[in-house]
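Visitor: Have a look at this one before I ask anything.
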Amino acid sequence: MSLDTLPTELRLQIIAQLSQVSHINSLCQVDRGYYNLLINHLYTVDELTLQKDALRWALTHQNAGTLRRWHEAGLDISRMRRNNTRPLLEAMKAGSDWATWQILRLGAEIHITDKQGQTPLHLACAKDFQRPDLVRYLLAHGANPSATTRAKDTPLLMAIRCGNAEIVEALLEGGADHAAQDRMGCAPLHQVIENGQVEIARLLLQHGANPSLPRPQTGETPLHTAILTGSLDMAKLLVDSGADLAAEYNDFTPLLLACQDGSVDMVRWMLRNGVDIQRNINKRGLTPLHAAAMSGSDEVVKALLQHQAPHMLTIEDQDGNTPVTVAARYKHDSLARMMVQLVN
């Protein structure tokens, strides 16, 4: 009687007498019937006893057959591996689309984190992966769009650092908190403006971000940041979205800051849009002309003078300085001479 004609009960008795997995493997190689009978057992032994890695081999070599048989053996795709990670996180960190999707289709748990507190959604938004379709899939299956890592990073903050507007939009539509701050107290809008990401700023504002939200430590508003970075397009977007043109940062309104920065295009735009020079004198008595004198910008001074500011040439701040003396103090001699001629 040959092995392949033996009843199943007798085959199982033979197997029970084999103490080593290598012997079982040899038996499977000479008789397909034993292979079909024992394949699930062998995958389980490989995974749980021998600590080998048929799963990793299948994912690395994109072998759907081996992966399917591994899963049919009843093994847990979300179980912590011996290297203290999980297959889904490992596949995403390796940048493998195929492995990631295969693992998800096998029902992998998505509410998991790595040692840094990163969820699969964080990784899908990160610089090394960035998969908008995967972000949408994870959100549709209940991933938390505002989960934070140990470093206080949300998926939204990670997407912003990468400049990926498509992922940012998906996160916002999925309910991400547009006001969640990082460990330095910066909201997403602050970071976007520093990065000059106008399109992403527009998305944040459309989803309710506060265009006048001050930084908690300094009081700097998004509009002040836009001026300091020289982004007129960003400033226009913020003002169109309701940014406060009277907000002060270190006693400087947006107009005063633009004048001090020598941003002539920014100053002209503000003046054309009705910013009142008279209402932009701070508690130290600094007028827009004082601020322009600090920068040494002839063009900014001329723009201010063209908007009915000539009388401000003689206004003194609380220390008794006129714009002329400020220009001289900052060694902007040609500007000081020009203003003296206008006074006389």
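The backbone N, Cα and C atoms fix where each Cβ goes, and this holds for glycine too.
What TrEMBL records for 116-150, 151-183, 184-216, 218-250, 250-282, 284-309 is repeat 'ANK'.
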Visitor: At a C-beta cut-off of under 8 Å, are there same-chain residues at least 6 beyond the repeat 'ANK' (116-150) that contact it? List them, or none.
Guide: 88-89, 92-93, 95, 97, 100-101, 104, 110, 156, 158-159, 161-162, 164, 166-167, 170-171, 174-177, 180
Visitor: Taking residues 6+ outside the repeat 'ANK' (284-309), which of them lie with a CB under 8 Å of any CB in it?
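Guide: Here the qualifying positions are 251-252, 255-264, 267-268, 271, 277, 315-319, 321-324, 326-327, 330, 332, 334-336, 338-339, 342.
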Visitor: Please list, for the repeat 'ANK' (116-150), how many residues fall into helix, strand and coil according to DSSP.
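Guide: Breakdown, helix to coil: 15 helix, 0 strand, 20 coil.
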Visitor: For the repeat 'ANK' (250-282), what are the DSSP-based totals of helix, strand and coil residues?
Guide: 20 helix, 1 strand, 12 coil
Visitor: Per DSSP, how many helix, strand and coil residues does the repeat 'ANK' (284-309) have?
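Guide: Within the repeat 'ANK' (284-309) the tally stands at 16 helix, 0 strand, 10 coil.
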